[in-house]
Amino acid sequence: MKVTILASAILALINGALALPANTPTLDVTLTQVDNTRIKATVKNTGNEKVTFVHLNFFQDAAPVKKVSLFRNGTEVEFTGIKRRLLTEGLSDDGLTTLAPGGTFEDEFDVASTGDLTEGGTVTIRTDGFVPITTDRKVSGYIPYQSNELEIEVDPAKAAAVPQAIKLLDRRTKVASCSGSRASALSTALRNAGSLANAAASAASSGSSTRFQEYFKTTSRRPENVGGRFRAVGREASSQSSGKTTYYCNDPYGYCDSNTLAYTLPSSNLIANCDIYYSYLPALTSSCHAQDQATTTLHEFTHAPAVYSPGTDDYAYGYRASTALSASQALLNADTYALFANGSPLLPLSNHSKCRNTMVWRTLL
(Lines of atoms letter the chains of each structure in order from A; the text may use other names.)
(Lines give C-alpha, C1' and ligand atoms only; values in the text may rest on other atoms or scores of the structure.)
Protein backbone atom coordinates (compact mmCIF):
# COMPACT_ATOMS: atom_id res chain seq x y z
CA MET A 1 0.00 0.00 0.00
CA LYS A 2 1.31 3.44 -0.93
CA VAL A 3 -0.19 6.72 0.26
CA THR A 4 0.75 10.02 -1.35
CA ILE A 5 -0.19 13.02 0.79
CA LEU A 6 -1.53 15.49 -1.75
CA ALA A 7 -4.74 16.73 -0.15
CA SER A 8 -3.55 19.91 1.54
CA ALA A 9 -1.48 21.10 -1.38
CA ILE A 10 -4.18 20.44 -3.95
CA LEU A 11 -6.89 22.01 -1.81
CA ALA A 12 -4.73 25.11 -1.58
CA LEU A 13 -4.53 25.20 -5.36
CA ILE A 14 -8.28 24.70 -5.67
CA ASN A 15 -9.01 27.52 -3.25
CA GLY A 16 -6.67 29.83 -5.11
CA ALA A 17 -8.09 28.93 -8.51
CA LEU A 18 -11.67 29.51 -7.33
CA ALA A 19 -10.83 32.65 -5.36
CA LEU A 20 -12.64 31.24 -2.34
CA PRO A 21 -12.62 33.33 0.85
CA ALA A 22 -9.78 32.54 3.22
CA ASN A 23 -12.15 31.19 5.85
CA THR A 24 -14.02 28.93 3.43
CA PRO A 25 -14.26 25.46 5.00
CA THR A 26 -12.88 22.48 3.15
CA LEU A 27 -13.11 18.75 3.63
CA ASP A 28 -9.89 16.78 3.77
CA VAL A 29 -10.31 13.11 2.80
CA THR A 30 -7.71 10.57 3.89
CA LEU A 31 -7.92 7.19 2.16
CA THR A 32 -6.32 4.11 3.73
CA GLN A 33 -6.40 0.42 2.92
CA VAL A 34 -8.21 -1.83 5.40
CA ASP A 35 -7.85 -5.18 3.63
CA ASN A 36 -7.21 -5.77 -0.06
CA THR A 37 -9.98 -3.78 -1.81
CA ARG A 38 -11.69 -2.60 1.37
CA ILE A 39 -10.97 1.10 1.89
CA LYS A 40 -11.52 3.51 4.75
CA ALA A 41 -12.13 7.20 4.16
CA THR A 42 -11.65 9.65 7.01
CA VAL A 43 -13.34 12.98 6.27
CA LYS A 44 -12.29 16.04 8.29
CA ASN A 45 -13.67 19.56 8.40
CA THR A 46 -10.52 21.66 8.17
CA GLY A 47 -12.37 24.97 8.45
CA ASN A 48 -13.11 27.05 11.54
CA GLU A 49 -16.90 26.85 11.37
CA LYS A 50 -19.54 24.15 11.54
CA VAL A 51 -20.81 22.88 8.19
CA THR A 52 -23.87 20.88 7.22
CA PHE A 53 -23.63 19.17 3.86
CA VAL A 54 -25.36 16.58 1.71
CA HIS A 55 -23.59 13.24 2.14
CA LEU A 56 -25.52 11.51 -0.64
CA ASN A 57 -23.26 10.72 -3.61
CA PHE A 58 -20.46 11.09 -1.04
CA PHE A 59 -18.97 9.25 1.90
CA GLN A 60 -21.54 7.84 4.34
CA ASP A 61 -23.98 7.17 1.49
CA ALA A 62 -25.13 3.56 1.91
CA ALA A 63 -25.98 3.22 -1.79
CA PRO A 64 -23.34 2.04 -4.30
CA VAL A 65 -22.38 5.53 -5.43
CA LYS A 66 -19.06 6.68 -6.84
CA LYS A 67 -17.05 7.71 -3.79
CA VAL A 68 -13.62 7.34 -5.41
CA SER A 69 -12.07 6.86 -8.83
CA LEU A 70 -9.96 3.78 -9.55
CA PHE A 71 -7.08 3.70 -12.03
CA ARG A 72 -5.05 0.83 -13.45
CA ASN A 73 -2.03 1.79 -15.57
CA GLY A 74 -3.39 5.31 -15.92
CA THR A 75 -6.79 4.19 -17.22
CA GLU A 76 -9.89 4.58 -15.10
CA VAL A 77 -11.64 1.36 -14.10
CA GLU A 78 -15.30 1.32 -15.15
CA PHE A 79 -17.66 2.23 -12.33
CA THR A 80 -20.56 -0.23 -11.97
CA GLY A 81 -22.63 1.54 -9.30
CA ILE A 82 -25.22 4.30 -9.58
CA LYS A 83 -25.12 8.05 -10.17
CA ARG A 84 -28.10 9.97 -8.91
CA ARG A 85 -29.56 13.46 -9.07
CA LEU A 86 -30.61 14.99 -5.77
CA LEU A 87 -33.04 17.62 -4.59
CA THR A 88 -31.59 21.07 -3.97
CA GLU A 89 -34.23 22.13 -1.44
CA GLY A 90 -36.56 20.42 0.99
CA LEU A 91 -33.86 17.89 1.85
CA SER A 92 -34.57 15.44 4.65
CA ASP A 93 -32.26 15.07 7.64
CA ASP A 94 -31.23 11.52 6.73
CA GLY A 95 -29.29 12.89 3.76
CA LEU A 96 -27.37 15.50 5.75
CA THR A 97 -24.22 15.43 7.88
CA THR A 98 -22.98 18.16 10.22
CA LEU A 99 -19.30 18.48 11.15
CA ALA A 100 -17.90 20.84 13.76
CA PRO A 101 -14.53 22.52 13.10
CA GLY A 102 -11.93 19.77 13.19
CA GLY A 103 -14.69 17.14 13.29
CA THR A 104 -14.29 13.86 11.44
CA PHE A 105 -16.23 10.81 10.37
CA GLU A 106 -15.17 7.51 8.81
CA ASP A 107 -16.68 5.43 6.04
CA GLU A 108 -15.58 1.94 4.99
CA PHE A 109 -16.48 0.47 1.61
CA ASP A 110 -15.20 -2.14 -0.82
CA VAL A 111 -14.19 -0.73 -4.19
CA ALA A 112 -14.40 -4.20 -5.78
CA SER A 113 -18.19 -4.10 -5.31
CA THR A 114 -18.51 -1.31 -7.89
CA GLY A 115 -15.53 -2.00 -10.15
CA ASP A 116 -13.96 -5.05 -11.79
CA LEU A 117 -10.63 -5.56 -10.03
CA THR A 118 -10.32 -9.28 -10.74
CA GLU A 119 -7.14 -8.70 -12.77
CA GLY A 120 -5.38 -7.76 -9.55
CA GLY A 121 -2.17 -5.77 -9.56
CA THR A 122 -1.58 -2.12 -8.74
CA VAL A 123 -4.62 0.15 -8.46
CA THR A 124 -4.52 3.86 -7.70
CA ILE A 125 -7.42 5.44 -5.81
CA ARG A 126 -8.29 9.11 -5.41
CA THR A 127 -11.24 11.49 -5.31
CA ASP A 128 -12.05 15.20 -5.50
CA GLY A 129 -14.98 17.48 -6.15
CA PHE A 130 -17.55 19.63 -4.37
CA VAL A 131 -20.15 18.70 -1.76
CA PRO A 132 -23.35 20.77 -1.48
CA ILE A 133 -23.70 22.61 1.83
CA THR A 134 -27.14 23.46 3.18
CA THR A 135 -29.01 26.10 5.13
CA ASP A 136 -32.49 25.25 6.39
CA ARG A 137 -32.40 22.04 4.32
CA LYS A 138 -31.74 23.94 1.10
CA VAL A 139 -28.49 23.82 -0.86
CA SER A 140 -26.88 27.20 -0.29
CA GLY A 141 -23.36 26.69 -1.58
CA TYR A 142 -20.60 24.15 -1.86
CA ILE A 143 -17.51 22.92 -0.09
CA PRO A 144 -14.50 21.49 -1.95
CA TYR A 145 -12.94 18.18 -1.01
CA GLN A 146 -9.79 16.37 -2.09
CA SER A 147 -8.15 13.13 -1.05
CA ASN A 148 -4.66 11.76 -0.95
CA GLU A 149 -3.68 9.35 -3.71
CA LEU A 150 -3.71 5.78 -2.44
CA GLU A 151 -1.88 2.99 -4.27
CA ILE A 152 -2.82 -0.60 -3.39
CA GLU A 153 -1.83 -4.07 -4.58
CA VAL A 154 -4.97 -6.08 -5.29
CA ASP A 155 -5.21 -9.81 -4.69
CA PRO A 156 -7.30 -10.95 -7.69
CA ALA A 157 -8.82 -13.98 -5.94
CA LYS A 158 -10.03 -11.88 -3.02
CA ALA A 159 -11.37 -9.21 -5.37
CA ALA A 160 -13.31 -11.82 -7.34
CA ALA A 161 -14.96 -13.03 -4.13
CA VAL A 162 -16.46 -9.61 -3.35
CA PRO A 163 -20.19 -9.58 -4.27
CA GLN A 164 -21.17 -7.01 -6.86
CA ALA A 165 -23.33 -4.25 -5.40
CA ILE A 166 -25.79 -4.39 -8.28
CA LYS A 167 -27.05 -7.47 -10.07
CA LEU A 168 -28.17 -6.65 -13.59
CA LEU A 169 -31.80 -6.90 -14.56
CA ASP A 170 -33.03 -8.40 -17.78
CA ARG A 171 -32.94 -6.04 -20.74
CA ARG A 172 -36.29 -4.56 -21.70
CA THR A 173 -37.64 -1.96 -24.06
CA LYS A 174 -36.33 1.58 -23.83
CA VAL A 175 -39.17 2.82 -21.61
CA ALA A 176 -39.95 0.10 -19.08
CA SER A 177 -42.62 -0.50 -16.42
CA CYS A 178 -44.50 2.67 -17.38
CA SER A 179 -48.24 3.19 -17.31
CA GLY A 180 -50.85 5.81 -16.50
CA SER A 181 -49.83 9.27 -15.36
CA ARG A 182 -46.17 8.33 -14.99
CA ALA A 183 -45.98 7.13 -18.58
CA SER A 184 -47.54 10.39 -19.70
CA ALA A 185 -45.16 12.47 -17.57
CA LEU A 186 -42.09 10.62 -18.83
CA SER A 187 -43.25 10.92 -22.43
CA THR A 188 -43.53 14.68 -21.97
CA ALA A 189 -40.16 14.84 -20.22
CA LEU A 190 -38.46 12.94 -23.03
CA ARG A 191 -39.97 15.24 -25.62
CA ASN A 192 -38.96 18.35 -23.69
CA ALA A 193 -35.48 17.00 -22.90
CA GLY A 194 -34.95 16.29 -26.59
CA SER A 195 -35.98 19.81 -27.56
CA LEU A 196 -33.82 21.36 -24.87
CA ALA A 197 -30.83 19.23 -25.86
CA ASN A 198 -31.14 20.08 -29.54
CA ALA A 199 -31.48 23.80 -28.78
CA ALA A 200 -28.53 23.61 -26.40
CA ALA A 201 -26.46 21.91 -29.11
CA SER A 202 -27.13 24.88 -31.38
CA ALA A 203 -26.32 27.32 -28.59
CA ALA A 204 -23.05 25.49 -27.89
CA SER A 205 -22.07 25.50 -31.56
CA SER A 206 -23.09 28.99 -32.64
CA GLY A 207 -24.32 30.91 -29.61
CA SER A 208 -22.56 33.30 -27.27
CA SER A 209 -18.94 32.37 -26.57
CA THR A 210 -19.16 34.28 -23.28
CA ARG A 211 -22.10 32.16 -22.17
CA PHE A 212 -20.31 28.99 -23.25
CA GLN A 213 -17.25 29.94 -21.22
CA GLU A 214 -19.45 30.76 -18.22
CA TYR A 215 -20.60 27.14 -18.00
CA PHE A 216 -17.80 25.11 -19.57
CA LYS A 217 -14.84 27.25 -18.43
CA THR A 218 -12.89 27.31 -21.67
CA THR A 219 -12.04 30.12 -24.08
CA SER A 220 -11.51 27.79 -27.02
CA ARG A 221 -14.20 27.60 -29.68
CA ARG A 222 -16.83 25.30 -28.19
CA PRO A 223 -15.38 21.79 -28.07
CA GLU A 224 -17.29 19.45 -30.36
CA ASN A 225 -17.89 17.06 -27.49
CA VAL A 226 -20.33 19.53 -25.89
CA GLY A 227 -22.53 19.97 -28.94
CA GLY A 228 -22.04 16.31 -29.79
CA ARG A 229 -23.22 15.20 -26.36
CA PHE A 230 -26.28 17.44 -26.53
CA ARG A 231 -27.13 16.13 -30.01
CA ALA A 232 -26.74 12.54 -28.80
CA VAL A 233 -29.12 13.24 -25.91
CA GLY A 234 -31.59 14.73 -28.36
CA ARG A 235 -31.47 11.57 -30.47
CA GLU A 236 -31.85 9.28 -27.46
CA ALA A 237 -34.85 11.20 -26.16
CA SER A 238 -36.61 11.09 -29.52
CA SER A 239 -37.83 7.49 -29.33
CA GLN A 240 -39.57 5.52 -26.60
CA SER A 241 -39.38 2.13 -28.28
CA SER A 242 -35.72 1.96 -29.26
CA GLY A 243 -32.44 3.53 -28.31
CA LYS A 244 -29.34 2.83 -26.30
CA THR A 245 -30.74 3.15 -22.78
CA THR A 246 -33.43 1.47 -20.72
CA TYR A 247 -35.58 4.02 -18.89
CA TYR A 248 -37.72 2.96 -15.92
CA CYS A 249 -40.70 4.95 -14.64
CA ASN A 250 -40.05 3.50 -11.20
CA ASP A 251 -37.17 2.22 -9.06
CA PRO A 252 -36.12 -1.32 -10.05
CA TYR A 253 -33.15 -1.49 -7.66
CA GLY A 254 -34.53 0.23 -4.57
CA TYR A 255 -32.08 3.15 -4.47
CA CYS A 256 -34.62 5.96 -4.46
CA ASP A 257 -35.21 7.88 -1.25
CA SER A 258 -36.79 11.13 -0.13
CA ASN A 259 -33.89 13.17 -1.57
CA THR A 260 -33.29 11.41 -4.91
CA LEU A 261 -35.00 12.49 -8.12
CA ALA A 262 -33.56 9.86 -10.45
CA TYR A 263 -30.46 7.73 -10.92
CA THR A 264 -28.42 6.11 -13.67
CA LEU A 265 -26.54 2.83 -13.76
CA PRO A 266 -23.90 3.74 -16.37
CA SER A 267 -22.46 0.24 -16.74
CA SER A 268 -25.79 -1.01 -18.12
CA ASN A 269 -27.10 2.33 -19.47
CA LEU A 270 -30.18 2.11 -17.25
CA ILE A 271 -32.05 5.15 -15.92
CA ALA A 272 -34.72 5.12 -13.22
CA ASN A 273 -37.03 7.84 -11.98
CA CYS A 274 -37.95 8.14 -8.30
CA ASP A 275 -41.30 9.05 -6.77
CA ILE A 276 -40.36 12.69 -6.18
CA TYR A 277 -39.46 13.09 -9.86
CA TYR A 278 -43.23 13.07 -10.40
CA SER A 279 -44.51 14.60 -7.16
CA TYR A 280 -41.98 17.41 -6.69
CA LEU A 281 -40.65 18.49 -10.09
CA PRO A 282 -42.60 20.54 -12.66
CA ALA A 283 -42.47 19.39 -16.26
CA LEU A 284 -40.58 22.60 -17.08
CA THR A 285 -39.42 25.30 -14.72
CA SER A 286 -39.86 29.01 -15.32
CA SER A 287 -37.00 29.83 -12.94
CA CYS A 288 -33.38 30.27 -13.85
CA HIS A 289 -31.25 27.21 -13.04
CA ALA A 290 -34.08 25.46 -11.19
CA GLN A 291 -34.78 21.74 -11.40
CA ASP A 292 -37.52 20.18 -13.50
CA GLN A 293 -38.37 16.85 -15.11
CA ALA A 294 -36.92 17.75 -18.51
CA THR A 295 -33.45 18.78 -17.32
CA THR A 296 -33.36 15.93 -14.80
CA THR A 297 -33.91 13.49 -17.66
CA LEU A 298 -31.27 15.33 -19.70
CA HIS A 299 -28.88 15.16 -16.73
CA GLU A 300 -29.35 11.39 -16.46
CA PHE A 301 -28.89 10.79 -20.19
CA THR A 302 -25.47 12.46 -20.05
CA HIS A 303 -24.36 9.85 -17.49
CA ALA A 304 -24.98 6.97 -19.93
CA PRO A 305 -21.87 6.13 -21.98
CA ALA A 306 -23.98 4.46 -24.69
CA VAL A 307 -25.56 7.85 -25.38
CA TYR A 308 -22.20 9.63 -25.55
CA SER A 309 -18.87 8.32 -24.33
CA PRO A 310 -17.43 8.88 -21.86
CA GLY A 311 -20.45 9.35 -19.64
CA THR A 312 -20.47 12.31 -17.30
CA ASP A 313 -19.75 12.31 -13.57
CA ASP A 314 -21.20 14.35 -10.69
CA TYR A 315 -18.32 16.64 -9.79
CA ALA A 316 -20.71 19.38 -8.65
CA TYR A 317 -24.40 20.23 -8.30
CA GLY A 318 -26.08 23.55 -8.93
CA TYR A 319 -24.97 26.72 -10.67
CA ARG A 320 -22.46 28.04 -8.13
CA ALA A 321 -20.54 24.80 -7.73
CA SER A 322 -20.74 23.79 -11.39
CA THR A 323 -19.40 27.12 -12.63
CA ALA A 324 -16.50 26.82 -10.16
CA LEU A 325 -15.17 23.66 -11.83
CA SER A 326 -12.12 23.49 -14.05
CA ALA A 327 -12.71 23.13 -17.79
CA SER A 328 -11.83 19.43 -17.75
CA GLN A 329 -14.31 18.79 -14.94
CA ALA A 330 -17.06 21.00 -16.37
CA LEU A 331 -16.95 19.17 -19.70
CA LEU A 332 -17.68 15.92 -17.82
CA ASN A 333 -20.13 17.24 -15.20
CA ALA A 334 -23.75 16.20 -15.71
CA ASP A 335 -25.28 19.22 -14.01
CA THR A 336 -23.28 21.61 -16.19
CA TYR A 337 -25.19 20.29 -19.21
CA ALA A 338 -28.55 20.50 -17.42
CA LEU A 339 -27.82 24.06 -16.26
CA PHE A 340 -26.64 25.20 -19.69
CA ALA A 341 -29.80 23.76 -21.27
CA ASN A 342 -31.94 25.55 -18.68
CA GLY A 343 -29.96 28.76 -18.60
CA SER A 344 -29.69 29.72 -22.26
CA PRO A 345 -32.08 32.42 -23.54
CA LEU A 346 -32.06 30.71 -26.95
CA LEU A 347 -34.13 27.83 -25.65
CA PRO A 348 -37.81 27.92 -26.58
CA LEU A 349 -39.63 25.80 -24.03
CA SER A 350 -40.01 27.93 -20.93
CA ASN A 351 -39.56 31.48 -19.71
CA HIS A 352 -35.81 31.98 -19.44
CA SER A 353 -35.88 35.77 -19.18
CA LYS A 354 -34.20 35.60 -15.77
CA CYS A 355 -31.21 33.91 -17.40
CA ARG A 356 -30.59 36.50 -20.10
CA ASN A 357 -27.50 37.61 -18.27
CA THR A 358 -26.58 34.63 -16.16
CA MET A 359 -23.29 36.14 -15.08
CA VAL A 360 -25.25 38.16 -12.48
CA TRP A 361 -26.65 34.94 -10.98
CA ARG A 362 -23.44 34.00 -9.17
CA THR A 363 -25.29 34.07 -5.86
CA LEU A 364 -27.77 31.47 -7.05
CA LEU A 365 -27.45 27.76 -7.55
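Here the Cβ of each residue, glycine as well, is placed from N, Cα and C on the backbone.
Quick caveat, the model's predicted, so the values are computed rather than measured.
As given in Swiss-Prot:
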ACT_SITE  GLU300  active site
BINDING   HIS299, HIS303, ASP314  Zn(2+) binding site
DISULFID  CYS178-CYS249  disulfide bond
DISULFID  CYS256-CYS274  disulfide bond
CARBOHYD  ASN73  N-linked glycosylation site
CARBOHYD  ASN351  N-linked glycosylation site
SIGNAL    1-19  signal peptide
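Features as recorded by Swiss-Prot, highlighted on the structure.
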{"residue": "ASN73", "record": "N-linked glycosylation site", "contacts (Cβ under 8 Å, 6+ apart)": "THR122"}
{"residue": "CYS178", "record": "disulfide bond", "contacts (Cβ under 8 Å, 6+ apart)": "LEU186, TYR248, CYS249"}
{"residue": "CYS256", "record": "disulfide bond", "contacts (Cβ under 8 Å, 6+ apart)": "TYR263, ALA272, CYS274, ASP275, ILE276"}
{"residue": "HIS299", "record": "Zn(2+) binding site", "contacts (Cβ under 8 Å, 6+ apart)": "ARG85, ALA262, ALA334, ASP335, TYR337, ALA338"}
{"residue": "GLU300", "record": "active site", "contacts (Cβ under 8 Å, 6+ apart)": "ARG85, ALA262, TYR263, THR264, ILE271, ALA334"}
{"residue": "HIS303", "record": "Zn(2+) binding site", "contacts (Cβ under 8 Å, 6+ apart)": "LYS83, THR264, PRO266, ILE271, GLY311, THR312, ASP313, ALA334"}
{"residue": "ASP314", "record": "Zn(2+) binding site", "contacts (Cβ under 8 Å, 6+ apart)": "ASN57, LYS66, LYS83, ARG85, GLY129, ASN333, ALA334, ASP335"}
| task | Within 10 Å of the Cβ of CYS249 (disulfide bond), how many other Cβ atoms can you find? Include all protein chains, please. | result | 20
| Sorted by sequence, non-HIS299, HIS303, ASP314 residues with Cβ within 8 Å of centre, Zn(2+) | LYS83, ARG84, ARG85, THR264, GLU300, THR302, THR312, ASP313, ALA334, ASP335, ALA338
| request: Enter the number of other CB atoms within 10 angstroms of the CB of CYS274 (disulfide bond). | output: 23
